[in-house]
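Read through the structure below, which is laid out as structure tokens, and then see the notes.
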Amino acid sequence: MRVAPSGGPPHHHAMIRATPPKRRLKAGTINVAPSFMRERDLMECGVWPVAGCDEVGRGPLAGPVVAAAVVLDPNHIPKGIDDSKRLTAARREELFEEIVATASFAVACAPIERIDRDNILRASLWALARAVHALPDTPKHVFVDGRDRIDIACACEPVIGGDGLVLSIAAASIVAKVTRDRLMCKLARDCPGYGFETHKGYAVPGHLEALGRLGPSSHHRSFFAPVVAARERHRALLAGASASISETSATVAVEAVI
């Protein structure tokens, strides 16, 4: 697996509101599986390699954005590839191992420093471009999930809802999701108390409670609104506790000399 390095110039950004974790489709919802049709059409026209790329982690309050780019082997495509949000964690892990064993792929992370410095959108697009650049073979065409183009030398085709339509994007969504989930579990060991291993940094009630109690960690995104609010509340609590300690110390000191 190739991992792209970080770096680049800063950009201005505004405070961001958190988004909840995306959910898998409910039972009974129509689920049209992504297909390899677009990649095959290009391949038959002599355009190859064709990559799909996707990112995970725009919405959470903590942790990096992880992007992946995948070029599937037309002769060895794992069965069951789908939008990562439609799969259980166990099935994602299984497909991850099959994809990385048969496909060409690369991942890139936009760390918390870049997210705070640039803003979440720029950091996400940067990570997507870095993942494509890190592929072992330069693609001639790239499908990217969403509406935004990325800064790459080859043809770039945004596909809204692409992780549910284009098979190589779906594969990239699985690689990015599993990689980020594993990174968040590692952060949970390095920074205990927030429950990163459970919610992966999203703004669920347990995470918000821990933020209010512990204050933000170095892995939290400084300009996301719940983090800003938690930081201010935590400072107020610390200031109140400090004032209480000072008053108690002064009382003890006075009593000691009476």
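Placement of Cβ uses the backbone N, Cα and C atoms for every residue, glycine included.
Within Asp137, Asp145, Asp148, Asp151, the residue that Swiss-Prot lists together with Asp54, Glu55 for binding divalent metal cation is Asp145. As stated in Swiss-Prot, the feature region 'Disordered' covers range 1-20 out of the listed 1-20, 201-220. One way to see the shell of the divalent metal cation site is to take the Cβ centroid of Asp54, Glu55, Asp145; the remaining same-chain residues with a Cβ within 8 Å of it are Cys53, Val56, Ala67, Ala68, Leu128, Val144, Gly146, Gly162, Asp163, Ile169, Ala172, Ser173, Ala176. When each of the binding-site residues Asp54, Glu55, Asp145 is scored by how many other Cβ atoms sit within 10 Å of its Cβ, Asp145 comes out lowest.
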